[in-house]
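**Q** Not my notes, these are from TrEMBL:
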COMPBIAS  1-13  compositional bias 'Basic and acidic residues'
DOMAIN    88-270  domain 'VWFA'
REGION    1-37  region 'Disordered'
ZN_FING   311-328  zinc finger
Amino acid sequence: MSKADKNYDSDKSESEDEQQNGRVSNKGRKHDDNEGYTWEGEYQRSWDIVQEDAEGSLIGVIAGLINAGKRKRLLRDTTPLRRGIIRHMVLVLDLSSAMEERDFHHKRFELQIKYAVEFVMEYFEQNPISQLSIIGVKDGIAQRVSDLHGNPQSHIQKLKSLRDYSGNFSLQNALEMARASLSHIASHGTREVLIIFGSIFSSDPGDIFRTIDALVSDQIRVRIVGLAAEVAICREICDRTNSSSTNAYGVVLSEQHFRELLLESTIPPATDSSKTADSSLVMMGFPSKVVEQSPSLCTCHSLPSRGGFHCPRCKAKVCTLPIECPSCKLVLILSTHLARSYHHLFPLKNWIDLPWSAKPTSSHCFACQVPFPKASEASDQEQTASSMRFECPSCKLHFCIDCDIFAHEQLHECFGCQCSGN
(Lines of atoms letter the chains of each structure in order from A and count residues from 1; the text may use other names and numbers.)
(Lines give C-alpha, C1' and ligand atoms only; values in the text may rest on other atoms or scores of the structure.)
Protein backbone atom coordinates (compact mmCIF):
# COMPACT_ATOMS: atom_id res chain seq x y z
CA MET A 1 0.00 0.00 0.00
CA SER A 2 1.34 3.42 -0.95
CA LYS A 3 1.86 6.29 1.48
CA ALA A 4 -1.02 8.25 -0.02
CA ASP A 5 -3.38 5.30 0.50
CA LYS A 6 -2.27 5.04 4.13
CA ASN A 7 -3.03 8.74 4.67
CA TYR A 8 -6.44 8.28 3.05
CA ASP A 9 -7.23 5.34 5.33
CA SER A 10 -6.13 7.27 8.39
CA ASP A 11 -8.31 10.24 7.47
CA LYS A 12 -11.24 7.91 6.90
CA SER A 13 -10.78 6.19 10.24
CA GLU A 14 -10.57 9.55 12.02
CA SER A 15 -13.85 10.69 10.45
CA GLU A 16 -15.51 7.42 11.47
CA ASP A 17 -14.29 7.88 15.04
CA GLU A 18 -15.67 11.41 15.10
CA GLN A 19 -19.06 10.21 13.92
CA GLN A 20 -19.12 7.48 16.57
CA ASN A 21 -18.15 9.88 19.34
CA GLY A 22 -20.62 12.54 18.16
CA ARG A 23 -17.89 15.05 17.50
CA VAL A 24 -18.94 15.90 13.95
CA SER A 25 -18.60 19.58 13.03
CA ASN A 26 -21.79 21.57 12.80
CA LYS A 27 -20.70 23.10 9.49
CA GLY A 28 -23.20 22.18 6.82
CA ARG A 29 -25.40 20.26 9.29
CA LYS A 30 -28.98 21.03 10.31
CA HIS A 31 -29.31 23.50 13.14
CA ASP A 32 -32.48 21.80 14.37
CA ASP A 33 -35.13 19.42 13.12
CA ASN A 34 -37.22 22.23 11.59
CA GLU A 35 -34.47 23.90 9.54
CA GLY A 36 -32.74 22.75 6.36
CA TYR A 37 -29.08 22.70 5.52
CA THR A 38 -27.22 25.99 5.43
CA TRP A 39 -26.85 25.91 1.63
CA GLU A 40 -30.62 25.41 1.27
CA GLY A 41 -31.47 28.68 3.00
CA GLU A 42 -33.05 30.37 -0.02
CA TYR A 43 -33.59 27.33 -2.23
CA GLN A 44 -37.14 26.56 -3.24
CA ARG A 45 -38.18 23.44 -5.11
CA SER A 46 -40.55 24.27 -7.95
CA TRP A 47 -42.27 20.89 -7.79
CA ASP A 48 -43.48 21.65 -4.25
CA ILE A 49 -45.41 24.67 -5.53
CA VAL A 50 -47.44 22.80 -8.14
CA GLN A 51 -50.40 21.02 -6.56
CA GLU A 52 -53.37 19.27 -8.10
CA ASP A 53 -56.72 21.00 -8.34
CA ALA A 54 -59.99 19.59 -7.06
CA GLU A 55 -60.32 17.29 -10.10
CA GLY A 56 -56.78 15.94 -9.78
CA SER A 57 -55.50 17.77 -12.86
CA LEU A 58 -52.41 19.97 -13.25
CA ILE A 59 -53.57 21.80 -16.38
CA GLY A 60 -55.33 24.59 -14.56
CA VAL A 61 -52.52 25.01 -12.04
CA ILE A 62 -49.84 25.25 -14.75
CA ALA A 63 -51.95 27.75 -16.69
CA GLY A 64 -52.28 29.82 -13.54
CA LEU A 65 -48.50 29.85 -13.02
CA ILE A 66 -47.94 30.94 -16.63
CA ASN A 67 -50.48 33.75 -16.31
CA ALA A 68 -48.94 34.84 -13.01
CA GLY A 69 -45.58 35.18 -14.76
CA LYS A 70 -47.17 37.26 -17.51
CA ARG A 71 -48.83 39.56 -14.99
CA LYS A 72 -45.59 39.98 -13.07
CA ARG A 73 -43.93 41.44 -16.17
CA LEU A 74 -46.88 43.79 -16.72
CA LEU A 75 -47.32 45.21 -13.24
CA ARG A 76 -45.24 48.35 -13.13
CA ASP A 77 -45.48 51.85 -11.79
CA THR A 78 -47.95 53.75 -14.00
CA THR A 79 -47.66 57.12 -12.27
CA PRO A 80 -47.37 59.87 -14.91
CA LEU A 81 -43.86 61.30 -14.58
CA ARG A 82 -41.75 63.74 -16.49
CA ARG A 83 -39.54 61.58 -18.71
CA GLY A 84 -36.94 62.31 -21.34
CA ILE A 85 -38.34 60.80 -24.52
CA ILE A 86 -35.42 62.07 -26.66
CA ARG A 87 -32.81 59.65 -25.42
CA HIS A 88 -29.14 59.17 -26.26
CA MET A 89 -27.67 55.91 -24.99
CA VAL A 90 -24.33 54.15 -25.28
CA LEU A 91 -24.43 50.34 -25.00
CA VAL A 92 -21.13 48.91 -23.72
CA LEU A 93 -20.40 45.24 -24.43
CA ASP A 94 -17.91 43.11 -22.51
CA LEU A 95 -15.61 41.47 -25.07
CA SER A 96 -13.07 40.22 -22.52
CA SER A 97 -12.02 36.63 -21.91
CA ALA A 98 -14.57 36.40 -19.09
CA MET A 99 -17.31 36.07 -21.73
CA GLU A 100 -16.03 32.58 -22.58
CA GLU A 101 -17.55 31.15 -19.39
CA ARG A 102 -20.58 28.86 -19.67
CA ASP A 103 -22.74 29.96 -16.77
CA PHE A 104 -25.85 29.50 -18.89
CA HIS A 105 -26.93 27.11 -21.61
CA HIS A 106 -24.75 29.06 -24.05
CA LYS A 107 -21.54 31.01 -23.62
CA ARG A 108 -21.83 34.45 -22.08
CA PHE A 109 -20.67 36.01 -25.33
CA GLU A 110 -23.34 34.30 -27.43
CA LEU A 111 -26.06 35.19 -24.96
CA GLN A 112 -24.83 38.79 -24.78
CA ILE A 113 -25.07 39.24 -28.56
CA LYS A 114 -28.48 37.56 -28.71
CA TYR A 115 -30.05 39.75 -26.04
CA ALA A 116 -28.24 42.86 -27.26
CA VAL A 117 -29.97 42.43 -30.63
CA GLU A 118 -33.34 42.10 -28.87
CA PHE A 119 -32.55 45.16 -26.79
CA VAL A 120 -31.75 47.28 -29.87
CA MET A 121 -35.03 46.29 -31.53
CA GLU A 122 -37.10 46.96 -28.39
CA TYR A 123 -35.22 50.19 -27.62
CA PHE A 124 -36.12 51.78 -30.96
CA GLU A 125 -39.63 50.33 -30.81
CA GLN A 126 -40.25 52.08 -27.50
CA ASN A 127 -38.11 55.15 -28.26
CA PRO A 128 -38.37 55.88 -31.99
CA ILE A 129 -36.90 59.39 -31.76
CA SER A 130 -33.87 58.32 -29.72
CA GLN A 131 -30.32 57.42 -30.72
CA LEU A 132 -27.93 54.63 -29.75
CA SER A 133 -24.22 53.92 -29.95
CA ILE A 134 -22.37 50.65 -29.23
CA ILE A 135 -18.91 50.25 -27.69
CA GLY A 136 -16.96 47.01 -27.20
CA VAL A 137 -14.16 46.56 -24.65
CA LYS A 138 -11.46 43.91 -25.03
CA ASP A 139 -7.77 43.77 -24.06
CA GLY A 140 -8.47 46.75 -21.80
CA ILE A 141 -9.21 49.00 -24.81
CA ALA A 142 -12.60 50.50 -25.67
CA GLN A 143 -13.47 50.23 -29.37
CA ARG A 144 -16.41 51.86 -31.12
CA VAL A 145 -18.67 49.28 -32.75
CA SER A 146 -21.26 51.73 -34.14
CA ASP A 147 -21.71 55.48 -34.04
CA LEU A 148 -24.53 57.40 -32.38
CA HIS A 149 -27.54 57.29 -34.72
CA GLY A 150 -31.11 56.03 -34.92
CA ASN A 151 -30.90 53.23 -37.50
CA PRO A 152 -31.54 49.90 -35.67
CA GLN A 153 -30.67 47.70 -38.65
CA SER A 154 -27.18 49.16 -38.82
CA HIS A 155 -26.62 48.48 -35.10
CA ILE A 156 -27.89 44.90 -35.42
CA GLN A 157 -25.63 44.24 -38.40
CA LYS A 158 -22.60 45.46 -36.44
CA LEU A 159 -23.56 43.34 -33.43
CA LYS A 160 -23.86 40.17 -35.46
CA SER A 161 -20.44 40.78 -37.01
CA LEU A 162 -18.68 40.60 -33.61
CA ARG A 163 -16.63 37.43 -33.20
CA ASP A 164 -13.50 38.02 -31.08
CA TYR A 165 -13.20 38.45 -27.32
CA SER A 166 -9.97 38.46 -25.31
CA GLY A 167 -8.05 40.16 -22.51
CA ASN A 168 -9.48 42.16 -19.62
CA PHE A 169 -12.33 44.62 -19.28
CA SER A 170 -11.76 48.30 -18.46
CA LEU A 171 -14.60 50.24 -16.89
CA GLN A 172 -12.74 53.54 -16.99
CA ASN A 173 -11.89 53.37 -20.69
CA ALA A 174 -15.47 52.39 -21.54
CA LEU A 175 -16.94 55.23 -19.48
CA GLU A 176 -14.50 57.79 -20.89
CA MET A 177 -15.35 56.88 -24.49
CA ALA A 178 -19.08 56.89 -23.70
CA ARG A 179 -18.72 60.28 -22.00
CA ALA A 180 -16.94 61.68 -25.06
CA SER A 181 -19.74 60.37 -27.30
CA LEU A 182 -22.42 62.08 -25.20
CA SER A 183 -20.61 65.36 -24.51
CA HIS A 184 -22.28 67.25 -27.39
CA ILE A 185 -25.87 66.23 -26.53
CA ALA A 186 -28.22 69.15 -25.87
CA SER A 187 -29.89 69.61 -22.49
CA HIS A 188 -33.31 68.44 -23.71
CA GLY A 189 -31.96 64.93 -24.44
CA THR A 190 -30.98 62.31 -21.89
CA ARG A 191 -27.44 60.93 -21.60
CA GLU A 192 -27.33 57.27 -20.62
CA VAL A 193 -24.83 54.42 -20.54
CA LEU A 194 -25.78 50.74 -20.30
CA ILE A 195 -22.94 48.32 -19.51
CA ILE A 196 -22.96 44.53 -19.74
CA PHE A 197 -20.23 43.58 -17.25
CA GLY A 198 -19.15 39.94 -17.30
CA SER A 199 -15.90 40.27 -15.34
CA ILE A 200 -15.36 40.61 -11.62
CA PHE A 201 -12.52 43.15 -11.94
CA SER A 202 -11.59 46.13 -14.09
CA SER A 203 -8.20 46.93 -15.56
CA ASP A 204 -8.12 50.74 -15.50
CA PRO A 205 -5.22 53.02 -16.50
CA GLY A 206 -6.04 55.81 -14.04
CA ASP A 207 -8.22 56.98 -11.19
CA ILE A 208 -11.75 55.81 -11.95
CA PHE A 209 -13.20 58.01 -9.21
CA ARG A 210 -12.32 61.09 -11.25
CA THR A 211 -14.23 59.56 -14.13
CA ILE A 212 -17.23 59.05 -11.84
CA ASP A 213 -17.08 62.71 -10.77
CA ALA A 214 -17.04 63.75 -14.43
CA LEU A 215 -20.06 61.55 -15.17
CA VAL A 216 -22.00 63.13 -12.31
CA SER A 217 -21.12 66.66 -13.43
CA ASP A 218 -22.18 65.85 -17.02
CA GLN A 219 -25.47 64.30 -15.77
CA ILE A 220 -24.81 60.95 -17.43
CA ARG A 221 -26.79 58.02 -16.01
CA VAL A 222 -25.04 54.65 -15.88
CA ARG A 223 -26.81 51.30 -15.61
CA ILE A 224 -24.85 48.05 -15.24
CA VAL A 225 -25.95 44.45 -15.76
CA GLY A 226 -23.52 42.09 -14.03
CA LEU A 227 -23.08 38.50 -15.20
CA ALA A 228 -20.77 37.15 -12.48
CA ALA A 229 -21.19 38.78 -9.07
CA GLU A 230 -21.85 42.16 -7.49
CA VAL A 231 -18.81 44.42 -7.65
CA ALA A 232 -18.41 47.33 -5.24
CA ILE A 233 -17.19 49.86 -7.81
CA CYS A 234 -20.16 49.07 -10.09
CA ARG A 235 -22.55 49.69 -7.22
CA GLU A 236 -20.91 53.03 -6.46
CA ILE A 237 -21.03 54.13 -10.12
CA CYS A 238 -24.75 53.38 -10.38
CA ASP A 239 -25.63 54.92 -7.02
CA ARG A 240 -23.82 58.18 -7.73
CA THR A 241 -25.07 58.63 -11.29
CA ASN A 242 -28.67 57.58 -10.54
CA SER A 243 -29.66 59.57 -7.48
CA SER A 244 -33.39 58.83 -7.79
CA SER A 245 -33.16 55.17 -8.88
CA THR A 246 -32.28 52.13 -6.78
CA ASN A 247 -32.44 49.45 -9.50
CA ALA A 248 -29.73 50.76 -11.80
CA TYR A 249 -27.40 47.86 -10.96
CA GLY A 250 -28.49 44.25 -11.22
CA VAL A 251 -26.76 40.88 -11.23
CA VAL A 252 -28.11 38.18 -13.53
CA LEU A 253 -29.70 35.10 -11.95
CA SER A 254 -30.79 33.27 -15.11
CA GLU A 255 -31.08 33.75 -18.87
CA GLN A 256 -34.61 35.13 -18.54
CA HIS A 257 -33.45 37.50 -15.79
CA PHE A 258 -30.65 38.70 -18.06
CA ARG A 259 -33.18 39.59 -20.73
CA GLU A 260 -35.48 41.33 -18.24
CA LEU A 261 -32.65 43.48 -16.82
CA LEU A 262 -31.68 44.61 -20.31
CA LEU A 263 -35.23 45.41 -21.41
CA GLU A 264 -35.80 47.48 -18.27
CA SER A 265 -33.57 50.11 -19.84
CA THR A 266 -35.96 50.56 -22.77
CA ILE A 267 -38.28 52.63 -20.53
CA PRO A 268 -37.23 56.31 -20.47
CA PRO A 269 -35.91 57.40 -17.07
CA ALA A 270 -37.74 59.96 -14.98
CA THR A 271 -36.10 63.38 -15.04
CA ASP A 272 -35.42 65.53 -12.00
CA SER A 273 -36.92 68.98 -12.57
CA SER A 274 -34.47 70.56 -10.12
CA LYS A 275 -31.48 69.46 -12.22
CA THR A 276 -32.86 70.13 -15.69
CA ALA A 277 -33.26 73.38 -17.53
CA ASP A 278 -36.58 75.11 -17.97
CA SER A 279 -38.93 73.75 -20.60
CA SER A 280 -38.20 75.02 -24.07
CA LEU A 281 -39.35 74.26 -27.60
CA VAL A 282 -37.29 71.89 -29.72
CA MET A 283 -37.32 72.54 -33.45
CA MET A 284 -37.94 69.45 -35.57
CA GLY A 285 -38.48 68.78 -39.24
CA PHE A 286 -41.09 66.45 -40.76
CA PRO A 287 -39.82 65.54 -44.25
CA SER A 288 -41.77 63.67 -46.91
CA LYS A 289 -40.51 60.58 -48.67
CA VAL A 290 -39.28 61.14 -52.24
CA VAL A 291 -38.42 58.72 -55.06
CA GLU A 292 -35.92 60.02 -57.62
CA GLN A 293 -35.52 58.90 -61.22
CA SER A 294 -31.75 58.54 -60.90
CA PRO A 295 -29.77 57.56 -57.77
CA SER A 296 -28.02 60.25 -55.75
CA LEU A 297 -25.77 60.23 -52.69
CA CYS A 298 -27.30 60.65 -49.23
CA THR A 299 -25.62 63.04 -46.80
CA CYS A 300 -25.75 60.58 -43.89
CA HIS A 301 -23.87 57.60 -45.38
CA SER A 302 -22.67 58.89 -48.78
CA LEU A 303 -24.32 55.94 -50.51
CA PRO A 304 -26.29 56.13 -53.78
CA SER A 305 -30.04 55.52 -53.55
CA ARG A 306 -33.22 56.48 -55.38
CA GLY A 307 -35.43 56.91 -52.34
CA GLY A 308 -35.00 59.01 -49.25
CA PHE A 309 -36.14 62.10 -47.39
CA HIS A 310 -35.32 65.75 -48.09
CA CYS A 311 -34.68 68.05 -45.16
CA PRO A 312 -37.34 70.81 -45.19
CA ARG A 313 -34.73 73.42 -44.22
CA CYS A 314 -31.65 72.74 -46.35
CA LYS A 315 -33.04 70.14 -48.83
CA ALA A 316 -30.27 67.68 -47.97
CA LYS A 317 -31.09 64.05 -48.64
CA VAL A 318 -31.11 61.42 -45.88
CA CYS A 319 -32.01 57.75 -46.30
CA THR A 320 -33.45 56.89 -42.87
CA LEU A 321 -35.50 58.52 -40.14
CA PRO A 322 -35.27 59.61 -37.38
CA ILE A 323 -31.92 61.34 -37.81
CA GLU A 324 -30.20 64.64 -37.23
CA CYS A 325 -29.60 66.37 -40.54
CA PRO A 326 -25.85 66.19 -41.23
CA SER A 327 -25.99 69.56 -42.98
CA CYS A 328 -28.11 71.90 -40.81
CA LYS A 329 -28.39 69.76 -37.60
CA LEU A 330 -32.21 69.81 -37.68
CA VAL A 331 -33.85 66.78 -36.04
CA LEU A 332 -35.82 64.95 -38.75
CA ILE A 333 -38.65 62.62 -37.67
CA LEU A 334 -42.08 61.41 -38.72
CA SER A 335 -45.29 62.24 -36.91
CA THR A 336 -45.76 58.54 -36.09
CA HIS A 337 -42.43 58.52 -34.25
CA LEU A 338 -43.61 61.31 -31.98
CA ALA A 339 -46.95 59.59 -31.35
CA ARG A 340 -45.26 56.31 -30.39
CA SER A 341 -43.14 58.09 -27.77
CA TYR A 342 -46.18 59.71 -26.19
CA HIS A 343 -47.33 56.66 -24.20
CA HIS A 344 -44.34 56.88 -21.85
CA LEU A 345 -45.62 60.19 -20.50
CA PHE A 346 -49.14 58.89 -19.81
CA PRO A 347 -48.88 55.10 -19.41
CA LEU A 348 -51.92 52.85 -19.46
CA LYS A 349 -53.12 52.02 -15.96
CA ASN A 350 -52.69 48.49 -14.65
CA TRP A 351 -55.86 46.44 -14.94
CA ILE A 352 -57.36 44.81 -11.85
CA ASP A 353 -57.17 41.04 -11.51
CA LEU A 354 -60.67 40.12 -10.33
CA PRO A 355 -60.97 37.26 -7.80
CA TRP A 356 -63.95 34.93 -7.60
CA SER A 357 -65.10 36.76 -4.47
CA ALA A 358 -65.97 39.76 -6.69
CA LYS A 359 -68.61 37.54 -8.38
CA PRO A 360 -67.91 38.65 -11.98
CA THR A 361 -70.80 38.18 -14.38
CA SER A 362 -68.98 38.62 -17.70
CA SER A 363 -68.82 35.51 -19.88
CA HIS A 364 -66.49 36.64 -22.71
CA CYS A 365 -63.51 38.95 -23.18
CA PHE A 366 -64.69 42.31 -24.48
CA ALA A 367 -61.88 42.54 -27.05
CA CYS A 368 -61.33 39.03 -28.47
CA GLN A 369 -64.54 37.32 -27.29
CA VAL A 370 -62.67 34.41 -25.70
CA PRO A 371 -64.95 32.72 -23.12
CA PHE A 372 -64.06 33.12 -19.46
CA PRO A 373 -64.11 30.25 -16.93
CA LYS A 374 -67.59 29.77 -15.53
CA ALA A 375 -68.38 30.34 -11.88
CA SER A 376 -69.49 26.74 -11.45
CA GLU A 377 -66.00 25.56 -12.33
CA ALA A 378 -64.57 27.55 -9.43
CA SER A 379 -67.00 26.43 -6.74
CA ASP A 380 -64.35 24.39 -4.94
CA GLN A 381 -61.61 26.96 -5.32
CA GLU A 382 -60.60 29.62 -2.89
CA GLN A 383 -62.52 32.86 -3.15
CA THR A 384 -59.26 34.80 -3.45
CA ALA A 385 -58.17 32.90 -6.56
CA SER A 386 -58.09 34.72 -9.87
CA SER A 387 -61.14 34.48 -12.12
CA MET A 388 -58.94 35.16 -15.18
CA ARG A 389 -60.82 38.42 -15.74
CA PHE A 390 -58.93 41.74 -15.80
CA GLU A 391 -60.93 44.92 -15.33
CA CYS A 392 -59.99 48.34 -16.65
CA PRO A 393 -60.40 50.86 -13.80
CA SER A 394 -61.77 53.47 -16.21
CA CYS A 395 -64.36 51.70 -18.39
CA LYS A 396 -65.00 48.75 -15.97
CA LEU A 397 -64.91 46.23 -18.84
CA HIS A 398 -63.33 42.78 -18.53
CA PHE A 399 -60.51 41.34 -20.66
CA CYS A 400 -58.42 38.17 -20.84
CA ILE A 401 -54.73 37.93 -19.97
CA ASP A 402 -53.59 37.97 -23.63
CA CYS A 403 -55.51 41.17 -24.36
CA ASP A 404 -54.09 42.64 -21.16
CA ILE A 405 -50.54 41.98 -22.39
CA PHE A 406 -51.25 43.26 -25.90
CA ALA A 407 -52.86 46.47 -24.60
CA HIS A 408 -50.02 47.30 -22.19
CA GLU A 409 -47.01 46.21 -24.27
CA GLN A 410 -48.07 46.99 -27.84
CA LEU A 411 -51.19 49.13 -28.14
CA HIS A 412 -50.79 51.24 -24.96
CA GLU A 413 -54.52 51.99 -25.09
CA CYS A 414 -57.61 50.35 -23.60
CA PHE A 415 -59.99 48.73 -26.08
CA GLY A 416 -63.08 49.67 -24.03
CA CYS A 417 -62.02 53.26 -23.42
CA GLN A 418 -61.38 53.77 -27.12
CA CYS A 419 -64.78 52.33 -28.07
CA SER A 420 -66.63 54.44 -25.52
CA GLY A 421 -64.69 57.60 -26.43
CA ASN A 422 -63.18 58.15 -22.96
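Note that the numbers count up from 1, one per residue, in the order the chain is shown.
Cβ from N, Cα, C; glycine included.
For the listed features, I'd like the structural context: burial, neighbours, distances.
**A** With a cut-off of 8 Å between Cβ atoms, the residues of this chain six or more beyond the zinc finger (311-328) that come close are 128-129, 131, 149-151, 285-287, 290, 296-301, 303, 305, 334, 337.
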**Q** For the zinc finger (311-328), DSSP counts of helix, strand and coil?
**A** 0 helix, 4 strand, 14 coil
**Q** Mean pLDDT over the domain 'VWFA' (88-270): what is the value?
**A** 91
